[in-house]
Amino acid sequence: MLPSRRKAAQLPWEDGRARLLPGGLRRKCSIFHLFIAFLLLVFFSLLWLQLSCSGDMAQVTRGQGQETSGPPRACPPEPPPEHWEEDESWGPHRLAVLVPFRERFEELLVFVPHMHRFLSRKRIQHHIYVLNQVDHFRFNRAALINVGFLESSNSTDYIAMHDVDLLPLNEELDYGFPEAGPFHVASPELHPLYHYKTYVGGILLLSKQHYQLCNGMSNRFWGWGREDDEFYRRIKGAGLQLFRPSGITTGYQTFRHLHDPAWRKRDQKRIAAQKQEQFKVDREGGLNTVKYRVDSRTALSIGGAPCTVLNVMLDCDKTATPWCIFG
């Protein structure tokens with residue numbers, strides 16, 4: 001990590017018809033020989049398919065159906081070891097990239113390979129966790145990040161809260177361990193859309209210790225927006241210093257923003273009391289109160305980049321937050 005790249009925030013995410021049988025077949029081959037060859041082909045094809053499916057299913061864990069609330073639970077199995085495990089030049093720290101997600105598959109196909117290459121060039125040990133919300137409630141980015149924190153393995157010691165539609169382009173951006181305090185990679189001076197001083201969204205790095213100190217994020221924010229503003233107040237309330245990049249000269253060209261609002265509109269509705277509640281600090285809820293279950297955990301490779309997809313069912317207290325329901 002280069003100290004010069006961080007500053008404290010100043011305040012007030014052969015032939016196409018290839019032969020099917022070894023050695024080919026003569027034109028005058030008997031029907032009996034053709035039949036035997038066909039049976040052999042079917043047998044070996046089924047054998048290959050069985051072995052292939054067995055290998056894939058070994059990567060999928062299903063049936064984790066019991067509801068989970070808060071952190072008093074053992075961490076899930078480790079992700080597959082990456083190539084840097086025995087290379088000390090990658091450093092001692094390992095990053096869990098937490099990606100809240102719903103239905104943006106075209107963005108995910110770009111994000112995972114890009115981030116894996118970007119972090120690998122910077123020699124950052126990492127694993128990408130895609131937190132796919134599969135329930136019927138409105139999208140809850142903050143609760144998904146809480147789930148990602150709890151479900152990421154013990155081998156990671158810091159997290160990146162990372163939007164799937166925000167890609168870093170400048171190689172000088174620092175994704176190293178944020179020992180001094182939370183590090184806001186997508187600072188207001190660099191983010192292509194959001195420029196207010198208290199903004200901490202897009203991409204934010206925290207040590208797991210500091211995230212616990214904040215009690216994670218509030219689970220009350222259903223729909224798009226405002227959860228980051230509440231988390232900023234949690235950071236300050238925990239007595240943590242927020243840091244941002246310094247010496248980056250690419251301005252608003254520092255990131256590529258994938259989201260197309262004309263194609264995929266955001267859920268920005270404010271229903272009933274949500275209009276007032278969105279500006280309050282949730283002093284009781286957070287990491288310790290998130291309720292969910294993981295329906296499945298799948299190890300994938302997208303464009304050669306490894307990641308883990310968790311299908312997450314969030315739970316909503318409709319009395320406390322009736323705005324979790326569409327309409």
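Keep in mind that glycine also has a Cβ here, set from the backbone N, Cα and C atoms.
Worth saying up front: this structure is predicted, and the values here are computed from it rather than measured.
Cβ-based neighbour count (10 Å, all protein chains) for Arg102 (UDP-alpha-D-galactose binding site) stands at 19. Under DSSP, Arg102 (UDP-alpha-D-galactose binding site) is assigned to coil, being neither helix nor strand in the three-state scheme. The annotation UDP-alpha-D-galactose binding site is assigned in Swiss-Prot to 100-104, 139-141, 164-165, Tyr194, Trp224, 257-259, Arg266 on the grounds of similarity to another entry.
Of all the Cβ atoms in the protein chains shown, 15 others lie within 10 Å of the Cβ of His257 (UDP-alpha-D-galactose binding site). Annotation source Swiss-Prot lists Mn(2+) binding site at Asp165, His257.
According to Swiss-Prot, the feature N-acetyl-D-glucosamine binding site maps to Arg226, Glu227, Asp228, Asp229, an assignment based on similarity to another entry. Look at Asp229 (N-acetyl-D-glucosamine binding site): DSSP puts it in a helix. Long-range neighbours of Asp229 (N-acetyl-D-glucosamine binding site) (same chain, six or more residues apart, CB within less than 8 Å of its CB): Thr198, Tyr199, Val200.
The N-linked glycosylation site feature in Swiss-Prot is assigned to Asn154. Its Cβ taken as reference, Asn154 (N-linked glycosylation site) is surrounded by 11 other Cβ atoms within 10 Å in the chains shown.
The annotation region 'Disordered' is assigned in Swiss-Prot to 61-88.
When pLDDT values are averaged over the topological domain 'Cytoplasmic' (1-30), the model yields 53. What Swiss-Prot lists as topological domain 'Cytoplasmic' is 1-30, and the listing cites sequence analysis.
Among the features that Swiss-Prot reports, topological domain 'Lumenal' is placed at 52-327.
The transmembrane segment annotation in Swiss-Prot covers 31-51, and the record cites sequence analysis as its basis.
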With every protein chain in view, how many other Cβ atoms are within 10 Å of the Cβ of Arg104 (UDP-alpha-D-galactose binding site)?
19
Taking 10 A as the limit, how many CB atoms besides its own sit near the CB of Arg226 (N-acetyl-D-glucosamine binding site)?
20
Using a 10 Å cut-off on Cβ-Cβ distances across all protein chains shown, tell me which of the binding-site residues (Asp165, Glu227) has the largest neighbour count.
Glu227
Since the record lists Asn140, Asp228 as binding-site residues, which of them has the fewest other Cβ atoms within 10 Å of its Cβ?
Asp228
When you measure from the Cβ of Pro100 (UDP-alpha-D-galactose binding site), how many other Cβ atoms are you left with inside 10 Å?
25
